[in-house]
Amino acid sequence: MATFDDILEEAGKFGRCQKRIFALLCMVSMPWAGVYVGIVFQGFTPDHWCRDSAAVQRREACGWSREESRSLTAPLLNISGVLQRSSCLRYEVDWNVTESSCDPRETERGANPTAGCTEGWEYDYDGRQSFVTEFDLVCSDGWLVDLYQATLNVGFLIGSIAIGYLADRFGRKMSFLMSNVLNGIAGILVAVAPNYISLLVFRTLYGFGVKGGWVAGYVLITEIVGVEFRRTVGVIYQMFFSVGILILPLLAYFITDWRWLQVVITVPYILFLSYYWFIPESPRWLLSQNRKSKAVKITKDMAKENRKTLSKMIETLSDDNADSSTTSFMDLIRTPKMRRHTLILSFNWFTSAVVYQGLIMRLGILGGNVYIDFLISGLVEFPAAFLILFTIERIGRRLPFATANIVAGASCFITAFIPDRMFWFKTVVACVGRLGITMTFEMVVFVNTELYPTFVRNFGVSVCSTLCDVGGIVAPFLLYRLAVVWLELPLIIFGCLAFVAGGLVLLLPETRGVPLPDTIDDIEFPERVKEKTKLQTQQLANLLPNSNVSSCKEPAAV
């Protein structure tokens, strides 16, 4: 009986067909960047102060600047040791009875009592509009902005589980297409939401489809390429998320309304529906569903596009996972090493999400040019993929994984204490941290797969990665609420999390050059695997005494 991997030897492990499908699916990662971190622009909170309609009339009559007008309406407050004009309080002044002088120095109101913003706010955001300025989500309502990102991650959490199940039940291609139908509908609903409550509901639905569709595409492309290409394909698939990160600030700069930016981010998901005619179903999944004839037809089409000829071995094609065992959560925590792997990997998923999202969203509250800052920080993500591909087969997995975490943590700590006057140095250090956490985020995906046995591998990755979505829910609250206390306080928290994550990674075993485990015993007693491999090598040497078996390389992990 021939497995699908055996047939790929003849059909082409990464031929023209797979490259075409891979190129199409990589496009899916780009709009996801806009969904994932678009809050930086769509939810941007500009400088603001209480609106006083009478003061606005006086400003227009006297020709005052906005800053002069603000100095007459907003009291000075000591905020983190710095005197600043209040964004949430105003002087109580009856401008209809006050003197009519147009000299701002003669109309100072320092002795007047203060009150809250009863007429809304004015924003230093000429010609642009975010949902913050549209719905006045500032001051006591500022925490509602956090919910915009939190509800998205709630959708991610539920959607990745639900669509993951549907992908196993109804196929990778169908789940991918149905998620994009949902993405198109929910994305447009977000753009036309009449109020903030409906916006949050539609945002949750949006998250439900976006991540599940992205994962379905990831699984599909890794299932149709040869074993040795899976890791490279997976890393590059994620790297196109960074391409989306670079495109996003350019779009946001030229599209000044958050609703139209939402439409532009959503349009690609509607276009992805055309993939119905361009990508096939996974032959591996079809085999697992006993749909051999369809799997054979797709495989023959792939071979034809790759200009390869299949032998009659295709007729013996069978599912190489037909005898897979039933899995449960207890399989992940029942034995000591499996339990350790689960806890460490889950914490790393959580940390990667918190620190990665936190560092990106922090760009929106720093007060600089958010478009330039976002573009620069996006550029530093590209070396991450190349560093991973360069180091994992030369150095291993554990050391680069731990180092990336520790570098990210150290960068967060150092950035927090660099004075603002050393702007470029602070920016460089922050970018190094962004590079480190990007490497961590991309590495945790495949390290997770290498530390679980075959029958529980997909389930284990799904369980651990749910902590990524939990981290995404927590991240905006950590960032925005702690930054009110001290702008750099979130960086201290991020640094602590990354340091702990890096130290825990050192407790994991190295998997470079180690065959993928098949059973829990392979995890708990790795020395038995080494003995079994050594015995198999010796038996092969006895059968082929003239061959130089000892010179063969160890099988690389998938």
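Numbering starts at 1 and runs along the chain as displayed.
For all residues, glycine too, the Cβ spot is worked out from N, Cα and C.
Taken from TrEMBL, the feature domain 'Major facilitator superfamily (MFS) profile' applies to 73-513.
Residues or ranges marked as transmembrane segment by TrEMBL: 21-44 (among others). Long-range Cβ contacts of the transmembrane segment (21-44) within its own chain (Cβ-Cβ under 8 Å, at least 6 residues beyond either end) map to 125, 128, 130-132, 137, 145, 148-149, 152, 206-207, 210-211, 213-214, 217-218, 220-221, 224-225, 233, 236-245, 247-249, 251-252, 258, 261-262, 264-266, 268-269, 272, 275, 278-280, 357, 360-361, 363-364, 370, 374, 476.
Per TrEMBL, transmembrane segment is recorded for 147-167 (among others). With a cut-off of 8 Å between Cβ atoms, the residues of this chain six or more beyond the transmembrane segment (147-167) that come close are 35-36, 39, 42-43, 131, 174-176, 178-179, 199-201, 203-213, 215-216, 219, 285, 353, 357, 361, 462, 465-466, 468-473, 475-477.
What TrEMBL records for 174-194 (among others) is transmembrane segment.
Residues or ranges marked as transmembrane segment in TrEMBL: 200-221 (among others).
Counting residues 6+ beyond its ends, the transmembrane segment (233-254) has Cβ neighbours under 8 Å at 14, 22, 25-34, 36-38, 41, 217-218, 221-222, 225, 261, 264-265, 370-372, 374-375, 377-379, 381-382, 384-385, 388-389, 438, 441-442, 445-446 in the same chain. If you look up TrEMBL, you'll see 233-254 (among others) marked as transmembrane segment.
Annotation comment: TrEMBL describes 260-279 (among others) as transmembrane segment.
The transmembrane segment annotation in TrEMBL covers 343-365 (among others).
TrEMBL lists 371-392 (among others) with the feature transmembrane segment.
Feature annotation from TrEMBL assigns transmembrane segment to 399-418 (among others).
The feature transmembrane segment is assigned by TrEMBL to 424-447 (among others). Using a Cβ-Cβ cut-off under 8 Å and counting only residues 6 or more beyond its ends in the same chain, the transmembrane segment (424-447) has close neighbours at 231, 234-235, 238-239, 242, 345, 348-349, 351-353, 355-356, 359-360, 373, 376-377, 380-381, 383-385, 387-388, 392, 397, 400-401, 403-412, 414-415, 418, 461, 498, 501, 508, 511.
The transmembrane segment annotation in TrEMBL covers 459-483 (among others). Residues 39, 142-143, 145-146, 148-150, 152-154, 156-157, 160-161, 164, 211, 327, 329, 331-332, 342, 345-347, 349-354, 357-358, 361-362, 365, 445, 448-449, 452, 489-490, 493 of the same chain lie 6+ residues outside the transmembrane segment (459-483) yet bring a C-beta within less than 8 angstroms of a C-beta in it.
Taken from TrEMBL, the feature transmembrane segment applies to 489-508 (among others).
Here the transmembrane segment (200-221) has long-range neighbours at 18, 21-22, 25, 28-29, 32, 35, 147-148, 151-156, 158-160, 162-164, 166-167, 172-173, 175-176, 179-183, 186-187, 189-190, 193, 233-234, 237, 269, 272, 279, 282, 469, meaning same-chain residues at least 6 beyond its ends whose C-beta is under 8 angstroms from one of its own.
Within its own chain, the transmembrane segment (343-365) is flanked in space by residues 36-37, 39-41, 43-45, 149, 153, 373-374, 377, 405, 408, 412, 430, 433-434, 437-438, 440-441, 444, 447-448, 451, 463-472, 474-476, 478-480, 483, 487, 490-491, 494, 497-498, 500-501, 504-505, 507-508, which lie at least six positions past its ends and keep a Cβ under 8 Å from the stretch. Residues of the same chain lying 6 or more positions beyond the ends of the transmembrane segment (260-279) and with a Cβ under 8 Å from any Cβ of it are 20-21, 24-25, 27-28, 30-31, 34-35, 38, 41-42, 173, 176-177, 180-181, 183-184, 187-188, 190-191, 210, 213, 220, 251-252. Most Cβ pairs under 8 Å with the transmembrane segment (489-508) belong to 399-418, among the candidate stretches 174-194, 371-392, 399-418. Distant neighbours of the transmembrane segment (371-392): 40, 231-232, 235-236, 238-239, 242, 245-246, 248-250, 252-253, 359-360, 363, 400, 427, 430-432, 434-435, 438-439, 442-443, 512; these residues of the same chain sit at least 6 beyond its ends, with a Cβ under 8 Å from one of its Cβ atoms.
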